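Record features (TrEMBL):
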{"type": "BINDING", "residues": "G50, E51, S52, R111, I140, R141", "note": "L-glutamine binding site"}
{"type": "ACT_SITE", "residues": "C82", "note": "active site, nucleophile"}
{"type": "ACT_SITE", "residues": "H185", "note": "active site, charge relay system"}
{"type": "ACT_SITE", "residues": "E187", "note": "active site, charge relay system"}
Amino acid sequence: MSDRPLIGVLALQGDVREHLAALTGAGADATTVRRPAELARVDGLVLPGGESTTISRLLAAFDLLDPLRARIADGLPVYGSCAGMILLAEKIIGGRPDQHQVGGIDMVVRRNAFGRQVDSFEADVDFTGVGGGPVHAVFIRAPWVESVSAAAEVLARVPETPGAGEAGGRIVAVRQGRVLATAFHPELTGDHRVHRLFADMVREA
Ligand SMILES: NC(=O)CC[C@H](N)C(=O)O
């Protein structure tokens, strides 16, 4: 693997530009992925935040669903933020009946867990594997992880502060092998440490 891996951002819907900028800031080459041929040439892939039902529908319409599942089974490193986390879950609560799961992490994720769009939520979370202090986590109509199997590693939880309410202690970052997911959006804060962690996972793959 070269020092600057080529990392794709799935560009069907969602905050694609922000992930491209964060990946570049994290020392990777970044490119958009919309077709199977583009998926085939990347060393890693980001599934952005956005709307998971829409992205799942477009994945099927663009003939990317099966190729993406196949590449993940083959060991492609993938990072999903928010809607991307939902897509990577084996099982979701609160999904639409026609919503497709990409899968990759043996976890159950609850959609829109923190409340409505207006109730976006921010917290500083300790993130295993990310040095340099807590990560400022921005949650926007975010999911949280209800449960993970022993195959998956919990990397971050919402701190149990009085203001956190029901969100306190919830799992919001998970890794299973080469697949990483966060319920929040590190691509929105200008802090590239989570993207650097992912770029390192791609270099190691
Ligand atoms: N910011 C986000 O990615 C929100 C995710 C969205 N609520 C969904 O269910 O897909």
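Any Cβ shown, glycine's included, is placed from N, Cα and C.
In sequence order, Q13, G14, A83 make up the list of same-chain residues 6 or more apart from E51 (L-glutamine binding site) whose Cβ falls under 8 Å from its Cβ. Taken residue by residue with DSSP, R141 (L-glutamine binding site) is part of neither helix nor strand, so it is coil. Of the recorded residues, R141 (L-glutamine binding site) and C82 (active site, nucleophile) place their C-alpha atoms 8 Å from one another. Among the active-site residues C82, H185, E187, the ones whose Cα is located within 10 Å of the Cα of I140 (L-glutamine binding site) are C82, H185.
The Cα of E187 (active site, charge relay system) lies closest to that of C82, out of the recorded positions S52, C82, R111. Those residues noted as binding L-glutamine (G50, E51, S52, R111, I140, R141) have their most widely separated CA atoms at a distance of 13 Å. Each of G49, C82, A83, I86, N112, A142, P143 belongs to the same chain as G50, E51, S52, R111, I140, R141, is absent from that list, and has a C-beta within 8 angstroms of the C-beta centroid marking the L-glutamine site.
Cα to Cα, S52 (L-glutamine binding site) and H185 (active site, charge relay system) are separated by 14 Å. Among the recorded positions G50, C82, R111, the residue whose Cα lies closest in space to that of H185 (active site, charge relay system) is C82.
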